[in-house]
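Only one structure is covered here, and it is reproduced in the block below.
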């Protein structure tokens with residue numbers, strides 16, 4: 001009797017990451033509908049929402065311990081829809097529907113996204129890769145490719161028609177993005193980038209500017225992100241080549257991080273883990289009140 005509330009709650013938490021992935025697919029597909037109805041701003045917003053959900057579902061799964069092979073496959077399929085099919089159809093419906101050449105470019109992009117995702121999944125199971133490769137993507141990741149393609153529509157919404165809306169420029173840009181997706185150029189994983197403590201204040205200030213730009217100039221912000229990402233590629237190539245020549249440097253960095261975490265734990269030996277998601281701590285008074293434990297009885 002006492003175990004039913006806990007088991008029901010555990011099941012609900014286990015399906016949360018997959019639910020977020022399904023919601024991201026719905027957002028990506030709905031962006032196509034708004035593009036066909038000539039509402040490009042709503043289409044861009046929905047693709048952005050799909051990207052946010054895609055970035056959160058994996059982290060939520062790790063926090064809840066709900067990682068599974070099925071979840072990985074759903075996430076990969078969601079990336080193909082949200083960052084491959086949806087941006088291509090949105091761009092075609094809003095800017096390239098008047099020319100057959102545009103359709104060729106639009107076909108090329110999602111095909112390259114699928115090939116890139118297939119290679120990513122294959123590399124996950126490859127245990128022969130050096131340890132330092134964990135810090136890099138092989139080729140442009142699918143979300144970055146989607147931002148690059150949608151950035152073309154953002155230019156039109158910000159500045160109107162111009163050479164940046166011409167068919168030749170659109171096709172060249174989409175083709176270039178597609179080639180970056182399937183290339184073997186190393187690109188840094190953003191979650192591996194750490195901010196030094198003495199730059200913490202600068203980082204917080206930049207976050208404030210970013211938040212203001214989301215509201216005041218979202219389309220210009222998209223291009224700031226695109227250009228910043230493209231500019232980081234030469235540094236990522238140099239960093240990857242240096243690590244390939246000095247793999248012991250990555251091992252030393254990992255060891256230093258491990259030692260720092262261990263030193264922090266030793267500095268606070270009596271520190272208690274912070275309970276997450278409101279889960280009740282065994283032996284707490286709240287469990288006695290809720291009927292999950294009898295007073296005076298310990299869990300074994």
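Glycine too: its Cβ is placed from the backbone N, Cα and C atoms.
Source: prediction; values computed, not measured.
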Residues flagged as transmembrane segment in Swiss-Prot, choosing from 135-155, 240-260: 135-155
Correct range for transmembrane segment (source Swiss-Prot, candidates 186-206, 207-227): 207-227
The annotated transmembrane segment range in Swiss-Prot, which must be one of 162-182, 267-287: 162-182
Residues of the parent chain within Cβ reach of the transmembrane segment (10-30), under 8 Å, 6 or more residues beyond its termini: 46-47, 49-51, 53-54, 56-58, 60-61, 64, 66, 70-71, 74-75, 77-78, 81-83, 85-86, 277
Stretch among 135-155, 162-182, 207-227 sharing the most Cβ pairs under 8 Å with the transmembrane segment (74-94): 135-155
Residues from the same chain, set at least six apart from the ends of the transmembrane segment (95-115), whose C-beta lies under 8 A from its own: 79-80, 83-85, 87-89, 142, 145, 149, 152-153, 156, 165, 167, 170-171, 174-175, 177-179, 181-182
